[in-house]
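Notes follow once the structure below has been shown.
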Amino acid sequence: MENSEGVKIESTVVTEEPLISALDIALFVVIIAVAYFWYFKRDKQSSSSEKKPYTIQPSSLSSIEQTSNSSFIKKLKSTGRSLVVFYGSQTGTAEEFAGRIAKEGARYKMKGMVADPEECDMADLVEMKEIQKSLAIFCIATYGEGDPTDNAMDFYEWLQNGDADLEGLNYAVFGLGNKTYEHYNEIAIYIDQRLEELGATRVHEIGLGDDDANIEDDFVSWKEKLWESVCSHYGIEETGEESNIRQYKLVDCSEVLPERIFSGEISRLKSYENQRFPFDVKNPYLSKIAVNRELHKSGDRSCMHIEFDIDGSKMRYDTGDHVAVYPKNSSELVDKIGELLNADLDAVFSLLNTDEESSKKHPFPCPCTYRTALTYYLDITSNPRTHIMKELIEYASDPKDQEKLKLMASSTPEGKKEFHEWILRDNRNIVHILEDLPSVKPDLDHLCELLPRLQCRYYSISSSPKVYPKSIHITAVLVNYTTSTNRVNKGVATNLLAQLIPTNDELPQPTIPIYIRRSQFRLPPKSQTPIIMIGPGTGLAPFRGFIQERDYARKEGREIGEMVLYFGCRKKDEDFIYENELQEYVANGTLTKLHLAFSRDQPEKKYVTHLLEQNADELWNIIGEKSGHLYVCGDARSMAKDVHSIIVKVVMEKGQMTNSQALNYVKKMEQQKRYSADVWS
């Protein structure tokens, strides 16, 4: 027989036994003995603890102490500070900007601190008025489809659901966004308006940074005007030139035992040797590469199909989710920095925050070697921001190099132009700068403090857990390009992945740290709902998972709705990825229609947007008459915008609506999750 959970239960014959057996008596004696021993041992420990002092390590703080530490007001008051800069950051840029503002506060007699809203009791904002000439600044990024960053989510919900009286709170907001996305800086705009609604006083107008253009320029311009407003509001004057005060101090760790030294772990020491569930941004899973194969048939470009093995990890994903991959910098670039600075990359060091009240003791896991820091923790391939140019000035021995750095660090039109051309247009990273300005020799520990953290890379998952529960698939284009200075820049993650080729022998398989990030990019709850998928290039990735999931449902005997896919690439014989799979889905009826655009197979370029315009009746039939879902994945800068415009036009013409009505119709589709976009710039 089976119980309600399907567990087999054996039938047995029951015979009568004495009420209390010898075994019961023996067990009772053992329990009494254990209880007696535990009681007197505890009493002894208790009395000895009164005589012997003890300490609790930070990682073992009690819940009471953690609550106390969450009060940023107490920290401000106890350290005589009046400025707190909160950050909502997904990639580290907002946190970096917050640190720069807090540091500059000293020039205006405002001692500042940086705070993570996730680690603070934000209800304490009501007490800011108790601190004389206090100011709260918010550097807030908008992430995804108008979402708060993970660490700002609780604060955002507190503002939405609460009605705190924030009269007496002085504030300013700088937003970090990207104009190629529809919900540009939506979270920062909301926070700015909501704080005012709750009675707070806006000291300076909101700043909106555009990462699609030059967010550094946007930030610097806003910051300069911010301090002018602060001086006017509080009646204070600038104290003089800003000094380059170090935030972290160097600690020699040459005597630290090898087992206490970080070697690339994100947070917990030895976390890759002793893997523990659950896996997340601070505790990634070290996954084996099960498959790594080329998808392009010919040509000089490369697109990889990679499968991560998650068998035994307890990790679960849904179709449409993203996987985060933690890359590492190439040893060639790391060695070059050591060579240029004549530094011992294998020396063990630590950077300790000079602000004892800060919750962030180190900029990255410490202690470690310089080689480890430059390989796993620091971004050495992106374009450095202007504040790094400013900090490098003191290390230039050649007056010409010094003047060039001063110019690029300035906010003058000439300086901005020089920075844009020499750094951004020519795509110089820190290695290129040290090569082209040979007299600049910064201390390696200071450089490690200045460089931003190396961030994980996100990829749309191109598989369905129904079909592949033990693996995660991604589709990634290898990034390699030549700059105007004839240097070859390589994508950090894709070039690492290209090297991780699994072998057929018994050698250890290549591994890489990953974790799953949840997405709102989801199939309709009902498998019968018709859908349109628009995904040129690697925008096909999540739709491969969608098709697999519907195909699985069909094979189970369930009814599935129409599936229409728009796919485009350059040439059919070169980069038509997953061609055989897609044709098979068409043949078995899972994929109702496959619309293809090969842009370079004919004299006039042909894109998926051209096909959409030609198939207006089909579009309206699914999204209008049948209330189907529409999905877009790929380039946000042009493709996604063009698709949006075409959809509005189709709704106008086929739905017989005005432009305003059509826009509202599409907006309602987005709100109902019937129009979803997974795009990047």
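Quick reminder: no glycine exception, Cβ is built from N, Cα and C everywhere.
TrEMBL labels come from automatic prediction, so no person has curated them.
Annotated features, as they stand in TrEMBL:
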- 20-39: transmembrane segment (TRANSMEM)
- 83-227: domain 'Flavodoxin-like' (DOMAIN)
- 89-94, 141-144, 176-185, ASP211: FMN binding site (BINDING)
- 282-524: domain 'FAD-binding FR-type' (DOMAIN)
- ARG301, THR538, SER599, ARG600, LYS605, LYS606, TYR607, VAL608, THR609, ASP642: NADP(+) binding site (BINDING)
- ARG457, TYR458, TYR459, SER460, THR475, ALA476, VAL477, TYR481, GLY491, VAL492, ALA493, THR494, TRP680: FAD binding site (BINDING)
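Features per TrEMBL, on structure.
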| residue | record | contacts (Cβ under 8 Å, 6+ apart) |
| --- | --- | --- |
| GLY144 | FMN binding site | GLN520 |
| ASN178 | FMN binding site | TYR184, ASP210, ASP211, ASP212, ALA636, SER681 |
| ARG301 | NADP(+) binding site | VAL477, LEU478, GLU574, ASP575 |
| ARG457 | FAD binding site | ALA324, VAL325, PRO327, VAL492, ALA493 |
| THR475 | FAD binding site | LEU295, CYS303, MET304, HIS305, ILE306, TYR459, SER460, SER462, THR538, LEU540, ALA541, ARG544, ILE577 |
| GLY491 | FAD binding site | LEU478, VAL479, ASN480 |
| SER599 | NADP(+) binding site | GLY568, CYS569, ARG570, LYS605, LYS606, TYR607 |
| TRP680 | FAD binding site | GLY634, ASP635, ALA636 |
_THR609 (NADP(+) binding site) and TYR181 (FMN binding site), distance between Cα atoms, whole Å_ = 18
_With the cut-off set at 10 Å between Cβ atoms, which of these binding-site residues ends up with the most neighbours? Options: TYR459, TYR607._
TYR459
_Within the predicted model, mean pLDDT of the domain 'Flavodoxin-like' (83-227)_ = 94
_I need the CA-to-CA distance for SER89 (FMN binding site) versus THR609 (NADP(+) binding site), whole Å please._
34
*Which one of the binding-site residues (ALA141, VAL477, ALA493) has its C-beta surrounded by the most other C-beta atoms within 10 angstroms?*
ALA141
*Could you round the CA separation between GLY92 (FMN binding site) and THR609 (NADP(+) binding site) to a whole angstrom and send it over?*
35
_Highest Cβ count within 10 Å among the binding-site residues TYR181, TYR184: which residue is it?_
TYR181
*Are there residues of the same chain, six or more positions away from THR609 (NADP(+) binding site), whose CB falls under 8 angstroms from its CB, and which are they?*
MET639, ASP642, VAL643, ILE646
*Counting each residue once, how many in the domain 'Flavodoxin-like' (83-227) are helix, strand and coil under DSSP?*
65 helix, 35 strand, 45 coil
*How many other Cβ atoms are found within 10 Å of the Cβ atom of SER89 (FMN binding site), counting all protein chains shown?*
21
*Counting every protein chain present, what is the number of Cβ atoms, excluding its own, within 10 Å of the Cβ of LYS605 (NADP(+) binding site)?*
12
